[in-house]
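Structure first, commentary second.
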Amino acid sequence: MESESEAKVDGETASDSESRAESAPLPVSADDTPEVLNRALSNLSSRWKNWWVRGILTLAMIAFFFIIIYLGPMVLMIIVMCVQIKCFHEIITIGYNVYHSYDLPWFRTLSWYFLLCVNYFFYGETVTDYFFTLVQREEPLRILSKYHRFISFTLYLIGFCMFVLSLVKKHYRLQFYMFGWTHVTLLIVVTQSHLVIHNLFEGMIWFIVPISCVICNDIMAYMFGFFFGRTPLIKLSPKKTWEGFIGGFFATVVFGLLLSYVMSGYRCFVCPVEYNNDTNSFTVDCEPSDLFRLQEYNIPGVIQSVIGWKTVRMYPFQIHSIALSTFASLIGPFGGFFASGFKRAFKIKDFANTIPGHGGIMDRFDCQYLMATFVNVYIASFIRGPNPSKLIQQFLTLRPDQQLHIFNTLRSHLIDKGMLTSTTEDK
Amino acid sequence: MLELRHRGSCPGPREAVSLPHREGEAAGGDHETESTSDKETDIDDRYGDLDSRTDSDIPEIPPSSDRTPEILKKALSGLSSRWKNWWIRGILTLTMISLFFLIIYMGSFMLMLLVLGIQVKCFHEIITIGYRVYHSYDLPWFRTLSWYFLLCVNYFFYGETVADYFATFVQREEQLQFLIRYHRFISFALYLAGFCMFVLSLVKKHYRLQFYMFAWTHVTLLITVTQSHLVIQNLFEGMIWFLVPISSVICNDITAYLFGFFFGRTPLIKLSPKKTWEGFIGGFFSTVVFGFIAAYVLSKYQYFVCPVEYRSDVNSFVTECEPSELFQLQTYSLPPFLKAVLRQERVSLYPFQIHSIALSTFASLIGPFGGFFASGFKRAFKIKDFANTIPGHGGIMDRFDCQYLMATFVHVYITSFIRGPNPSKVLQQLLVLQPEQQLNIYKTLKTHLIEKGILQPALKV
């Protein structure tokens, strides 16, 4: 990290440095390292001290992750929401620093207002799906959910009109830039976080395995690069190497296989999260689906000779985990390169200083950008079909003749498939 | 045809044909102070300075050449400049309106193509402005990437629409089935390919510029492509849902202009000094009346009122149906004060006309904010018009700026107040489920239908 002095620009002219003074790279001045650590590590050289600080913080974050998993889906949802808000805050602050627009009239209020609107829209859609019975019982909630899109759109429009009314003569361009900046940030941060929550509701394993694969790839690629790294990978991040990349890929796939094997055994990870009306809390209890039942697979001839086994018992989910780990190691790093390019473009060293030794929350989550979307698309395309309870909900809002038509079509379809016989209707 | 122009010290062979000398000097003057140090510092630094300067420091991009056809010019050569402009605008307005009617006559498919064409042109106009603002016409890959992203997002949206409305057509073809089933995955993979290409194309001295253009492209896509697809969804709901909103916005534009021209006195907003309160309010009332009448006229015809369906036997779009309750005359009792005015006890209206009041109100009160947004945008980037496509009017975006929000509003309005989900889509999703789930749903539905009395329990239907 000491070698990243290219963050500072050489050969600045006077006018540049004057404007740079305010948009200076968020200086790593305020050292957030706790006093305890500082004293304990005061003897070591600067490089090893940095390594230790990073290492300890990494372990702290991982321990924190485990605690949260233990506490359950509700706490996880809240944590995801907090991470989202912090990421939004970090990126918007960078925007303010770049454009010196901290004093723009209204703008801070408007950015947070838009964040609130978009979150309201997304949470409303999720809540309506998963808390269907709870919502139907309470009158105000029912109205809110029936006209949800209209209400969200109205809220957004109010923000839009406020923006237009707040345009000030000398600052048009700046205000449009910040407007664009806010919207792109919302697009990146808020949609990803909601896809994460969707994945979570599908089953905690769909949340834990992807995120752990990305973290593992980060760490493994770093280790392989540290010990064997020789060929640079991409000009954007000079410290990444091909050896790290490939080593990280194989290590992550193996890690994913092992992790999914361990987790597929437990119901609390594998079952979709449901809201139980009677107990008024989240439950994860179900009959595990086919994906999470051990099955025998024949090993292809070539590996048979190596391992000496004819068949192996695996969970089908482990096959999917190979796809997830592959994505995490091959495409996930592009999210990291994107963030590196962004930091170089705006001449900042880190997104913020939240985590000592690591930078901001965004620095930790930059490789996760695409992972959440991929997992969501993967689940929707290959794993599950549409959500049955949502379908019933949609069905109930149709007209009676449409309902009858669909019912009859479904009936003939089931009879064709042999699931129903025409005489045993009233079981 | 847009004139591209490089200022001052930028290397580049393109020079504008009609570049006034004064502008060239002013532009060159901006960069004189930094030209000596440009070679050492990042090109990005220059843009950093541009960003933080206030608007007044940035020189204007001059308007490009005049595209008025020769015929018009000769016919109007006698008149003074102001009236000439007025006449050109008037003639072009009438031309556009006739073109609109012609396309409506040709049917929904042509309308879809028209909407697609307009979307592509709007995208092109906004992206070109971005190139001019950032002098980024020569950025490696960037033009390709922008068009590629446009293609991806369009593919995603059209795929979702096509899957819904062409269900029967799609079931027949094997490859289409595959494409539909994995549609989201394929779209995402295509988008990812573009994203990775962007990351790989980042060039050392141009990082900031490339990120700006990336963000510019995405915001433009968000604005133009989503709106155009909502327009098409509204269209499929019934052509009246497409025609009445768009006509209300156009009517509001024209009547607000006329009221402002004849009675305008109090300025409305600093952004657009030519708009007045008199125009705004007069436009509001005329648009509501216009919407009311247009809804009345259009509601009679099945052609406008029925949802667009694709019939596989005729292999074309068909608009034939039993008009829903919205489009059947009903009698309403008038409230007392209107009774006194109109001296009638009751009136026969289509319920849709009541909805049209909501649509026209939105078009007149909130629609103009879209116009102010575009005015602010033009002032921010010192351009007079988005482009020069239509003589006397500017670019396509100039005509459609007030429509931005209208399409979204109509779509949200329809989904919230008019119709529920699409029955064929529900059926499609049902058929994709696992058999056990289907059986469960079947039992639930059966209980529900029997409860409601729609299904008789003992009857084997």
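Just so you know, glycine gets a Cβ as well, placed from its N, Cα and C.
Automatic, uncurated: that is what TrEMBL annotation is.
Taken from TrEMBL, the feature region 'Disordered' applies to A:1-31.
The feature compositional bias 'Basic and acidic residues' is assigned by TrEMBL to A:1-21.
Residues or ranges marked as transmembrane segment by TrEMBL: A:106-123 (among others). With a cut-off of 8 Å between Cβ atoms, the residues of this chain six or more beyond the transmembrane segment (A:106-123) that come close are 81, 84-85, 88, 92, 148-149, 152, 155-156, 159, 162-163, 166, 175, 178, 182-183, 186, 190-191, 194.
According to TrEMBL, the feature transmembrane segment maps to A:150-168 (among others).
The annotation transmembrane segment is assigned in TrEMBL to A:175-197 (among others). With a threshold of 8 Å between CB atoms, the same-chain residues lying at least 6 positions outside the transmembrane segment (A:175-197) that come near it are 77, 80-81, 83-84, 87-88, 91-92, 95-96, 99, 101, 104, 107, 110-111, 114-115, 118-119, 122-123, 126, 163, 166-168, 207, 368-369, 372-373, 375-376.
Residues annotated as transmembrane segment in TrEMBL: A:203-229 (among others).
Sequence-distant contacts of the transmembrane segment (A:241-263), counting only residues of its own chain at least 6 positions beyond either end whose CB sits under 8 Å from a CB of the stretch, comprise 205, 208-209, 212-213, 216-218, 220-226, 228-233, 269-270, 314-315, 317-318, 320-322, 324-326, 328-330, 333. Annotation comment: TrEMBL describes A:241-263 (among others) as transmembrane segment.
Marked as transmembrane segment by TrEMBL: A:319-339 (among others). Here the transmembrane segment (A:319-339) has Cβ contacts under 8 Å with residues 209-210, 213-214, 216-217, 221, 234, 236-237, 240, 245, 248-249, 252-253, 255-257, 259-260, 291, 351, 362-363, 366-371, 374-375, 378, 382-383 of the same chain, all six or more residues outside its ends.
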